[in-house]
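Enquirer: Mind having a look at this structure? Questions to follow.
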Amino acid sequence: MDLSSAKIKVNRWLIVMFLGLTWGFSYEPPYIRYTYHEQLTSIVGYTDTQLGLMLSVYGTAALIFYVIGGVSADKFSCRSLIIVSLLGTALGCAIMATYPPFWVALAVEALWVVTTIALLWSPVAKVAALLGTQKEQGKILPMVSSFEGVGAFLATLSSTLVFSWMGAERNPDSLRAVWIVYTIWGLVLALTTYLFVPARTLNDNSLAGVPLEEKKEEPRKGVLLNVLKNPMTYIASFIVLGSYIVYSCLTYTQSYLVDIYAMDMTTASYFSIIRNQVMKIAAGPLSVVFMSTAILKSSPTRLCIVAGALSAVGLVTTLCMPANPVVLPFLMVLAVVLSFFALLGKAQNFACTGETGVDPKYFGTMTGVVSLIGYSSDTWIYTVIGRWQETMEPVAAYHRIWYLAIFGCALMALSGVALLVRIKAQKKSAA
């Protein structure tokens, strides 16, 4: 990575911080339901099914743009893509502050697909990955994830404080203020990206001075085809898919504790910050610490296997709990621990892609393909769960969610084992 191409030259770990803050903020608006589910239904009037549909539209459209974003990250300036992304996300937040009708909100959700997936996801991942060697990616990417938690925490905490200061549910304009806070965050981060993030990637530098004819040769060789033909691509994708199914299911923990155990809404909002953002901050650096143990052998894949197994144990324990408010404190602690396990895996699941030994030139494209498969559950999971919530008894609906999460744990762990077996076989054949 050519750090000298930044407007203001800083240490690479500061760049990691800015990238993480950008990631953390950018996914708060599309997934605002995670923190303000009840407020979106009571203040704006959207139904559970509509909120689920918005996220399903986001996930479905994202399938197209993950690969487009990956190819774009290998072709264009990642810094420029990130800046345009942040400005577009801020524009969507400003529109949502008007409390638009559902069809407009759906269109904004589609806009965020372009800004957060096509223009942000792979560019940030590529800039971060190329800040170090393949071995260092196991440290750099988790730290980006950790700062992602910081960014999400700061954005959500600031919006929650403003929401409470405005009168919370008692003031219809309180949620409008939340969207305005998010708009400001987008504009500020666009400026910091322009100032601190390098414009040129390792791929740009390696092609500098190469004749134009040779530069054009790479697309003809089929970079995307090479990535698609690699079995490691699909195994890494299923690790991400399993991890993301678990993560998505656990976002319903807040409404679970409200609906079944009578947690009040204000407590639920702050609990959501601790469960998600605070744990995400802790998961990144701790995942690096855990990987340094003899058992995990500095392997992101091994960490994902362990995280999947521990998450499954916690989910089975949740299923065994009676529907009695007396156990609420225990369940709150268990939910935080579960979130931590899930985020440990999430912090390292894309480092598993680096463990496959992918050529740095193809990292953006491979990230796009892995993301396409890994996040494909967005196309159905929120609509299906929303339907369960509206058509089933609350306890039965949430039990189905936890069963689905256990399936995700199994998929993540088994895919991790398959990847380790494949890597071992590859090393033997190369010896």
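Here the Cβ of each residue, glycine as well, is placed from N, Cα and C on the backbone.
In case it helps, TrEMBL gives these features for our protein:
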- 12-31: transmembrane segment (TRANSMEM)
- 51-69: transmembrane segment (TRANSMEM)
- 81-104: transmembrane segment (TRANSMEM)
- 110-131: transmembrane segment (TRANSMEM)
- 143-165: transmembrane segment (TRANSMEM)
- 177-197: transmembrane segment (TRANSMEM)
- 234-257: transmembrane segment (TRANSMEM)
- 277-296: transmembrane segment (TRANSMEM)
- 303-324: transmembrane segment (TRANSMEM)
- 330-350: transmembrane segment (TRANSMEM)
- 362-381: transmembrane segment (TRANSMEM)
- 401-421: transmembrane segment (TRANSMEM)
Enquirer: Compare 12-31, 110-131, 177-197 by their Cβ pairs under 8 Å to the transmembrane segment (362-381) and return the stretch that comes out on top.
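Expert: Stretch with the highest Cβ contact count: 110-131.
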Enquirer: Mind pulling out the one from 51-69, 177-197, 234-257 with the most Cβ pairs under 8 angstroms to the transmembrane segment (303-324)?
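Expert: Top-ranked stretch among 51-69, 177-197, 234-257: 234-257.
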Enquirer: Under a criterion of three or more Cβ pairs within a distance under 8 Å and sequence separation of at least 6, are the transmembrane segment (110-131) and the transmembrane segment (234-257) in contact?
Expert: no
Enquirer: Using a threshold of three or more Cβ pairs below 8 Å, and leaving out pairs closer than 6 in sequence, do the transmembrane segment (234-257) and the transmembrane segment (401-421) count as in contact?
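Expert: Answer yes, regions in contact.
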Enquirer: Of the stretches 12-31, 81-104, 143-165, which racks up the most C-beta pairs under 8 Å with the transmembrane segment (330-350)?
Expert: 143-165
Enquirer: Which sequence positions outside the transmembrane segment (12-31), separated from its termini by at least 6 residues, show Cβ-Cβ distances below 8 Å to it?
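Expert: Contacts of the transmembrane segment (12-31) (Cβ under 8 Å, skipping residues fewer than 6 from its ends): 1, 3, 6, 55, 58, 82, 85-86, 89, 92-93, 96, 109, 112-113, 115-116, 120, 124, 127-128, 131-132, 140, 143-156, 159, 179, 182, 185-186, 189, 192-193, 196-198, 251, 277, 280.
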Enquirer: Quick check: do the transmembrane segment (177-197) and the transmembrane segment (81-104) share at least 3 Cβ pairs under 8 Å, counting only pairs 6+ apart in sequence?
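Expert: Per Cβ check, the transmembrane segment (177-197) touches the transmembrane segment (81-104).
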